[in-house]
């Protein structure tokens, strides 16, 4: 069993929890979901998920509660993180917005709500490195990755813009993988990814 922590300030917490459980089941791994709203929870988690929502509000809570430094320590220990939409903004090296205190756990620069300036939401099939078939990605006022540094690997692009990246054991997407029954992004981040340490924390049932 693994313990999966989900930052539960905003965003689709229950949908992410269901996707993590489905991904674990595909590997015969049971998952306990814990919601993160205060410090002291992250150190006990094997994997972490930072969902969407309003990035300024989420980053303020992480800073105020001291959760930000716990997440950074989690990453330094080589433990997996999946950050989606606003989570990508918070995880980035630079969000180009002084209102957002970024975690600097993935080597990218992000433009907030870039797709939302033209269209509020859309779905597109994405070719994602590590997945055999296109992933049905749902974009909702999504950020754009302006630049990926040398430590970040681009996993998927949409109209020449990176929309999924990986930096060590951290995977981040501009889209919402939880808004589809397809749990392959959660699987890629937490179970199928050979660059993380989740395998040392699990036992099969």
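Heads up, the Cβ atoms here are built off N, Cα and C, so glycines get one too.
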Swiss-Prot L-glutamine site partner of 53, 54, 55, 140, 141, selected from 37, 64, 112: 112
DSSP three-state assignment (helix, strand or coil) for residue 55 (L-glutamine binding site): helix
Cβ neighbours within the same chain of residue 85 (active site, nucleophile) - under 8 Å, at least six residues apart: 11, 51, 52, 53, 140, 142, 143, 173, 174, 175, 176
CB contacts for residue 54 (L-glutamine binding site) [other CB atoms within 10 A, all chains]: 14
